Amino acid sequence: MKTVTEFQNKNILVLGIAKSGYAAATLLQKLGANVIVNDGKPLAENVLAAELQAKGMDVVCGGHPLELLERNISLVVKNPGIPYSNPILVAAKEKQIPIVTEVELAYRISEAPFVGITGSNGKTTTTMLTFEMLKEGQKHPVIAGNIGTVACEVAQDAKENEVVVTELSSFQLMGVELFQPKIAAFLNLFEAHLDYHGTKKEYGLAKANIFKNQTENDYSVINADDADVMALSAYSKGQKILFSTTKEIEDGACIKDNALYFKGEKVIEVSDIVLPGQHNLENILAAMSIAKLLGTSNEAITVVLKRFTGVKHRLEYVTTINNRKFYNDSKATNMLATEKALSAFTQPIVLLAGGLDRGNEFDDLIPYFKNVKAIVTFGQTAPKLVRAAEKAGLDIIESVDTLDEAVVKAYAHSKDGDVVLLSPACASWDQFKTFEERGDIFIQAVHKLI
């Protein structure tokens, strides 16, 4: 860990606990800050807050009182999930108090360089692929962020010869000041999180913060097939490395003659890759680009791509029952992810979809329903998905209250050779704590059918 003195004896407000807030508060105390921790959940229900209080921190729970800002606060470290429209953040901004997220702290203390990966979809798969390729190539990666350990915990122990690989959301990237990844990858942009950002433009600009501090000594890995990403790459001063599944890229990554190439050199045949789905070729090209930029051999990349079958809750194969294959794609929290999941199969599909209503309709899914023989909807968006399915002319359309019911109905509508696919196209928070919980409940319900 770098020797950092900028936080010593400063009053720093950690807003929102959870894993990242807990780690940030603990780190800041270690760095000599006077830490004030604030969380909306009452202290009596807040185990993490009680632990921080026992460490000697000033803990205020049950709301976000504006009076906290009267304590000569030098910095606010916010939980990514707390919107900037929250009154305490609005007031902090008016007082010109810097507001950052935990990943910014991680960067400031880390001896190791960062690889940052963002995009609307594919972040986790690309992050895991990158980690595995670098590990196989003996480049000493450590993984941090939404998968793995919280970034500022990893950064404390990361050495100069290692590399921190982290998945970054728009929420996290809105709170960066000095964060400068050696390699920044921007995979794609799709209209999402409008309840948080307001517009797709603002959402895209938040994502583009990944390029904010890059220089000509850094690299920006860009999806050449995504017009929005290409436009936002103008914010990068780094060396641009493009990847594409549709056109030949001489100085980047592409698919040519059914093989993956990087800077004109063949790396692997597409037929040797075990990870399913056309969309995953984009993720693979991005990960391969990062790995090659860090000196990983073609042999190491090939070894990984011949064994990597995917990440849990991302088009995860569950089991086969009476020749029906069940797949868990609970991480599909927006339409683009579900479109890509539906495009991954040629067999008839029984689709389970639904979840949190963020105000959008689902007509964009209609062209992807060509292999969908039946849909079972659940959650807040069930009526909207039913409308889209009716417009698509699906014969079998059902709505149920719970995911358990949806699994039973989906199985009843399936036949020999079908795929039963959970790909909700929505966030999970209307009925579940996380998409992981939703996926686990789906898997449990499937196994009950056996």
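Each residue, glycine too, has its Cβ placed from N, Cα and C.
According to Swiss-Prot, the protein has these features:
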- Gly119, Ser120, Asn121, Gly122, Lys123, Thr124, Thr125: ATP binding site (BINDING)
Check each residue in the chain of Thr125 (ATP binding site) that is at least six apart in sequence and keep those whose C-beta is under 8 Å from its C-beta; list them in sequence order.
Leu275, Asn280, Asn283, Gly310, Val311, Arg314
For Thr124 (ATP binding site), which of the three DSSP-derived states applies: helix, strand, or coil?
helix
Counting other CB atoms within 10 A of each CB, which of the binding-site residues Ser120, Asn121, Thr124 comes out lowest?
Thr124
Would you find the one among the binding-site residues Gly119, Gly122 whose Cβ has the most company, meaning other Cβ atoms within 10 Å?
Gly122
Just jot down the residues in the same chain as Lys123 (ATP binding site), at least 6 apart in sequence, with C-beta under 8 A of its C-beta; none if empty.
Ile117, Asn146, Glu167, Leu168, Ser169, Leu187
Relative to the mean position of the Cβ atoms of Gly119, Ser120, Asn121, Gly122, Lys123, Thr124, Thr125, the recorded ATP site, which additional same-chain residues have Cβ within 8 Å?
Ile117, Thr126, Glu167, Leu187, Asn188, Asn283, Ala337
